[in-house]
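Trainee: The structure is given below, and queries will be raised subsequently.
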Amino acid sequence: MSGPPPPGQQPTPQQLATIQQQIAAEAQRRGMTPQQLQAQQRQQIQAEADKAGLTFDQYINKLKQQAFENHQRQQQMAQQQAQNQAAQPQGQPQMQGQQGQQVPITPGAPDPRALALAKWLKGQDLKPRTCILNGQRKDMFRVKRALRAIDSAAYTKARSKNPLLPEITTATPKAEIFKLLPLSLLALRVSKSDPHEGHGHAPSKPQKRVKGLWTVKIEQQQDINDDLHYVWLYEGPQWRTKLYAVGALILIMTVVMFPLWPVTLRIGVWYLSMGFLGLIGLFFAMAIFRLILFCATVFTVPPGLWLYPNLFEDVGFFDSFRPVWGWQEDKKAKKAKKSKKGGGGEKAAAKLIEASPLTNGTETTNGQVSKRHAHAAPRVEEVEDE
């Protein structure tokens, strides 16, 4: 059944038939004819128009205008609600309230108490670890360390200086105080996730993952438990970032205004640039020379000689030039060297001592070589001439 027409529009024939049926039903309910009901309603409208000091037509137009404004207001409210529902994420985080009901977490201005708590906790040693959230690096911490910090004497001392920090009472325990962070979107609960989850395909290449670096996602249920992890969304005051931005702007303007520099400064910059270019050229020449030297020595004195063998290794700047030279090491020798450093050196040395011809005839007890023979120096025996 079609409803009444919107204000300001002419009704369709179906709507006119529906209105006439409604009038007839109302007249029958009151024991009147439709014409009598319409005449009664006209008299009531005329009386209300006389009270308002308006004519019948003016009062009818006023009622139409009011109905049109109400209709427009309802449409705007419905459109705004639809936009809010579309902008709201489907998996909106929720926090469990004191009575067990789910409290949705909505964006808005953070609570000043939550800001004070987040600022204080950021200064504590919560042993944070780096994680990846939506492609960005964030700091992640465990809930038990935050609750331990809130229940410490340092928090009580800090609260005496900053009254915005909530007080721990029977009605508001430390867990309720910690809830201020997710409710103000300063920290949210996360869990480990697979970046290819839900794609329906395996990764094309085996990606190199950093040990201990999690890829996390925000959980819809914001519970509080000692073993859960939360990620910091509060980044603190941005004065350092603003200072860096101002410094970068000043540096760019200084470089752009290079033609306005004094002549002495421009000459000095030219000499410095030539010096840097010379260092880069010397580095490339040294790399080419060490390669030529290795190719020449790999055939004459194998396994080959390297000049600055750690030049391209993943070491510090000064360690790249130490030692000055070194022999080429094969992969097996490198693995044996790493295994000795890892704790297998003693077992390998014991096996070498047992298998060495210098220790023939030595006494062993439970696989251990006696000290008297293990450290004995090799002897040279004289052989009589025939």
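Placed from the backbone N, Cα and C atoms, the Cβ positions cover glycine too.
What TrEMBL says about a protein is an automatic prediction, not a curated fact.
Heads up, here are the entries from TrEMBL:
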type	residues	note
COMPBIAS	1-10	compositional bias 'Pro residues'
COMPBIAS	11-26	compositional bias 'Low complexity'
COMPBIAS	35-46	compositional bias 'Low complexity'
COMPBIAS	73-102	compositional bias 'Low complexity'
COMPBIAS	357-369	compositional bias 'Polar residues'
REGION	1-46	region 'Disordered'
REGION	68-111	region 'Disordered'
REGION	333-386	region 'Disordered'
TRANSMEM	243-263	transmembrane segment
TRANSMEM	269-293	transmembrane segment
Trainee: What does DSSP give as the helix, strand and coil breakdown of the compositional bias 'Low complexity' (11-26)?
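Mentor: Tallying H, G and I as helix, E and B as strand, the rest coil: 14 helix, 0 strand, 2 coil.
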Trainee: Mind tallying the compositional bias 'Low complexity' (35-46) by DSSP state, helix then strand then coil?
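Mentor: Here the numbers are 12 helix, 0 strand, 0 coil.
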Trainee: For the transmembrane segment (243-263), could you work out the same-chain residues 6 or more beyond its ends whose Cβ comes under 8 Å from its Cβ atoms?
Mentor: 269
Trainee: Mind checking which residues of the chain, 6+ beyond the ends of the transmembrane segment (269-293), have their Cβ under 8 Å from one of its Cβ atoms?
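Mentor: Distal contacts: 258, 261, 305-308, 311.
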